[in-house]
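Working notes for the structure below.
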Amino acid sequence: MHTLSRRRFLSGTASLSAGLLGLPAFASSPPVLRAAASRAQLAPEGYATTPVWAYSVEGAGSVPGPEIRVRAGEAVRYRFANDLPEPTAVHWHGIRIRNDMDGAAPLVQAPVMPGGTFDYDYIAPDPGTYWYHAHNRSWEQVARGLSGPLIVEDTSPWAGLDGAATHEETLVLDDWLLEQDASIVEGRWDDLHAASHGGRMGNLITVNGRAQPVLPLERGTRVRLRIINAATARIMPLALSGLAARLIALDGYPVSPRDAEQIVIAPAQRADLVIDVPNELTDEAGIYVDAGRQRFVRLLDIALTGGIADLHVRDVRPLPEWASPVTFDLSDPQRETIVMEGGAMRGLGETYFEGELLGGRALARRGMVWAFNEAANRMDRPIFELPTGRTLHLTMQNRTAFPHAMHLHGYHFAVIARNGQSDPDRDVRDTVLVNVNETVEIALMGQNPGDWMLHCHMLSHQAAGMMAWFRVV
Ligand code: C2O
Ligand code: CU
């Protein structure tokens, strides 16, 4: 792995010559990350391009946005420029970040107005696979294309297998709701039917912005796949057959390696997998997604390259220990509970919204169909407060008829129990899928003061009531 990404190298060179010319050095003018209207070839060749909203660093915008890559402990610095027709902000999903850099508008910063800029400048402390995305009207802005991968490399290179090179590929999965002419379906961003069911589901699944692209893989090599689900609503149950896939990290955090022929990646979740590329692919070998009702769709076409090699499937070593593991002390935790209610089939009883107690119909007129603890979009005050140094034991009960991908900003947490049974894997995550009628218990230690959002990452659910925040003091 390299120490400096190409972009940093180029910036460094530019700043050197700027310095010689007596102009301000790089330190005072970070590269510009821009959000603007663009076009992308999402549908297969032969179809029209799609008008999207896209991020760019230099040159044209792309969907997904440009991959941002730093080493753990390095700074991420961008002047963000909003060239969109509406206010926006950039959230750095999963990063243990300074609160005022978190991008959760309007909680921790004012949204950046059209034509405005905002300087993001923070340290990315922990290695892993992360992503960045718009965080204002995200149910519209992310669905229009505003997301991209953020890769934080380990400071010590990971030799996944002695003597064999380990390549890596970032695969950003997305789901688009397109018209026949390939344009994005407009004007139903707050559609209550979709919002009260599984969310705004798409009709075209893409990998790195293309429908069923070709992934070249070299025979006999070991490849690390960094898979990111950037979809606004679609849970991606993946099947990887004939590739000897093993899971090595979830949401950026190492797990002890385990088989991953089937893996479910909910919106905003990430999974790092290792595959050993065989010499021949069997007919069914490939990566598939269950697009509903057990209809498995091939996500990409694998093209084998290189000559016959003699690598065979071997053990996968765990990733290096994360320098700052998630610690907690369950002997005397602060206990909190979040009860999720509402949605189609079950509905909402009397619920608070903006300080008023309202019935289901009045709530629906205001676009609210979900609630946490009998309040829809509780943004006026924190749902709980946690002192730094104190362990939080949070129980999340899903009393709705739909699964929810629950995300906490600024923190990773350990999943300690499901339905009252302690979870042997104790996976550490920043987004956990809580299934229908399921209760999930998580733990974390307060260590990063500030106001942190807690919401469902099915973004139409967030829009329609599943949004709150907690304060760490
Ligand atoms: Cu990735 Cu508040 O979200
Ligand atoms: Cu949800």
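In case you wondered, yes, glycine gets a Cβ from its N, Cα and C as well.
TrEMBL entries are annotated by machine, without manual review.
As written in TrEMBL, here are the features:
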type	residues	note
SIGNAL	1-27	signal peptide
DOMAIN	40-155	domain 'Plastocyanin-like'
DOMAIN	170-279	domain 'Plastocyanin-like'
DOMAIN	370-472	domain 'Plastocyanin-like'
Determine the mean pLDDT over the domain 'Plastocyanin-like' (40-155), rounding to the nearest whole number.
96
Per DSSP, what is the helix/strand/coil residue tally across the domain 'Plastocyanin-like' (40-155)?
7 helix, 50 strand, 59 coil
Number of helical, extended and coil residues in the domain 'Plastocyanin-like' (170-279), per DSSP:
5 helix, 56 strand, 49 coil
